[in-house]
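Per TrEMBL, the features are as follows:
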SIGNAL    1-31  signal peptide
DOMAIN    206-401  domain 'Peptidase M12B'
BINDING   H342, H346, H352  Zn(2+) binding site
DOMAIN    410-496  domain 'Disintegrin'
DISULFID  C468-C488  disulfide bond
DOMAIN    641-674  domain 'EGF-like'
DISULFID  C664-C673  disulfide bond
TRANSMEM  705-726  transmembrane segment
Amino acid sequence: MGPAWAQRPLTGVLWLHVLWVLLCLVCCSHGPPKWRFTSSEIVIPKKVPQRRGEIKMPNQLAYSIRFRGQRHVIHMKLKKNLIPRHFPVVTNNDQGANQEDYPYVPQDCYYYSYLEGVPGSVATLDTCYGGLRGMLQVDDFTYEIKPLEASSKFEHVVSLLVSEDRADEDERCKIEEEETNQIPEEVNLAESPRAGPVYLWRSHMKHMKLHFTISSSVYSQNQNQTQIIENVVIINNILDSIFRPGNLYSNIRILCIWEKEDTFNMKSYNHASTATHEFGLWKFYNLWKVFTHDTSILYLGYMVGGSKYYASHSGFCNPNWGAAYVYFENYHIFKIAAVTAHVIAHNMGIAHDDPSCVCFRRHRCVMNSIPGLLDMFSNCSYDRLHWMVHRWDPCLSLPNKPYSNFPYIANRCGDKDVNSNEQCDCGSLKECANNSCCSTNCAFTSGSTCDTGGCCDHCKFASAGMLCRDVHGICDLPEYCDGTGNNCPNDLYVQDGTPCSPLSVCVRGNCSDRDLQCQALLGYQVKDALPMCYEKLNVIGDRFGNCGLKFVRGGTKPMKCEIDDVLCGMLHCSNVQQVPGVAEHSTFHHIYVGDAKLESCFGFDTHYGEELPEVGLVVDGATCGPGQYCLNKNCTFHQDFPFTCDVKTCNYKGVCNNLEKCHCLRGWKPPDCEQKGTGGSEDSGPPPDKELSMKAKIQVTVNKGLVVILSRITAFLLVICIGAAIKAKITADAKKKAKPPKK
């Protein structure tokens, strides 16, 4: 039996020390947490009802919460498509083989929020698992809100979070800023992005597509795949809130979890820069070609070369330089998200803030040299971020398209994709019920030979000569079915450069000049502007006068017109009486030019980020001088058009199409229109043998109810007539019997 003091129960203080040691040994092998809650309070959020008469705003919520000694209203706006529909998660097994899964992740429950009456407040919340959960940022204070477990009153806990940061060299960012790329002159702005050229500050959201990787050193600390996925989603939600004010969405492209061992070993490198560059090269060869993304974030459970995080400076959007890593230290998840935003910004080429850089109601900003619980970029950081977002590039301008390559899913009947062993595929049972040509077993119904296509007529191939695509203008050509298939021939048009009016030639099936284009945009009374408008404005090279866009360091900007090409640049009109309605992101401009006499120049403009045709530019084919026509925004001589076929080739009995073959007039046979025939070309399908007679048809629409009433009235009158006839016959017979016999 031991001494008496060993048998006494431990006091509360000693128990705390023992428990702390045990916890450190079991789950905190990397040291104590580097964060703490200084205060917490229980709150009950109350949903704010919509006021009567207010316009209902979809996808928006509001909750009233009392904390910090006063009541606050949190306004929440839904973030759509934050998580891809098919969220790929790649894991590895003991043998190093990768396994691709698509776990369920809640969709459309993430919100960008703010506190009413608190300028600069930002909240990143979600409602995915019941209640409100996330981060509240008020000035320099960070709060965590989450539902109180086992509460039946919708109670939540709001806690003030403090990061245990030390302002020493260990915490200072060591990413070399001397690698910063030279920023174009357009973004060396004096005070704010609005000081830049006009074409820079038109707001359009771009998409940042991220590849996250969880190393085995991080996974071993918490081997709960569901929790890890949830944490990555929280990090991405916070990243989206940080970058969203800069018109940049943050989207998860793919998540890799190295459960057993690291597929790429960062420990073998002594320098953070070398390790990061090699990781970027590895993921380019092994991952990027299948899951294209803008940059990769690797979370580690250890430091590399004495650095807690690193990013290839200005490597964003580069397949192998778009890479960074973050030491997943015992930080709070909010701090890890803030550090991730810091390294992504370095990857974009954003440098550290200097003493002149400020952000609204914050003492420090995201790009401070010592990262912390920071959520807002400074005015200095927005210069570079603004340049990246407000240009066109094949990276950020592309949305986060859901991954849809499922090699393990076999083709099946009902997927609306006709496979080699199927005749047709009408889709679901409901869709097939409305299809009389295709049955639910992906075979044609009895007597059917097709179910889709321009030459499928009542489940059978249309007869040869049936018109399947009519002409849409003087420069277009008709196409006919050939009787052997269900598809209409390719769309053909008259060869470019063929004259179609006194002021224009055919180009890509279109025949138009500046007068016709102005009238189509602004009304029939509108005319083309005087040449002075083109000569004064289109040589400037801004959004009001240009010859299209040109690429500058991966971006775009309006291009000046050469003096000989001004009539082929932006369209200018005159005599405009009223402005019609236009689509979103489109606008008109009205400018006066001239000295002694002012001339009116009215133009149409669409944002170059929109997937719309350049309707504000003069269409190709319009005349721009004697014997000259616009082609690709250049004033081109007619003899310079690429002709290899002309009316002589067709014996003056047809025109050349865009395949440089003859399309013969009716009565002549292709390919040279020399012999008698039905007309057309070898590629347009055979026209009908003779003109179909036009039959006038009168279509009468009759109300069904009226038909029923008239039918009943007719039947009633018919019954009356029959009854009257029967009664007359009976009366006649009676009279005949009552008549006395003749003597």
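Cβ from N, Cα, C; glycine included.
Curation plays no part in TrEMBL annotations; they are all automatic predictions.
Since we're looking at a predicted model, the values are computed, not measured.
With all protein chains in the displayed structure included, the most crowded Cβ environment within 10 Å among the disulfide-bonded residues C468, C673 is that of C673. For the disulfide-bonded residues given as C488, C664, the lowest number of other CB atoms within 10 Å of the residue's CB is seen at C488. On its own chain, H346 (Zn(2+) binding site) has C173, I175, A311, H313, A324 as residues at least 6 apart in sequence with a Cβ closer than 8 Å to its own Cβ. Helix first, then strand, then coil: DSSP counts for the domain 'EGF-like' (641-674) stand at 0 helix, 9 strand, 25 coil. Between the listed binding-site residues, namely H342, H352, the fewest other CB atoms within 10 angstroms of a CB are found at H352.
In the three-state DSSP scheme, C468 (disulfide bond) is classed as strand. For H342 (Zn(2+) binding site), the nearest of the disulfide-bonded residues by C-alpha distance turns out to be C488; the candidates were C468, C488, C673.
The two recorded residues, C673 (disulfide bond) and H352 (Zn(2+) binding site), have Cα atoms 73 Å apart. Here H352 (Zn(2+) binding site) is compared against the disulfide-bonded residues C468, C488, C664, and the shortest C-alpha distance is to C488. Cα-Cα distance from C664 (disulfide bond) to C468 (disulfide bond): 18 Å (rounded to the nearest whole number). Counting residue by residue with DSSP, the domain 'Disintegrin' (410-496) contains 5 helix, 14 strand, 68 coil. Averaged over the domain 'Disintegrin' (410-496), the predicted model has a pLDDT of 91.
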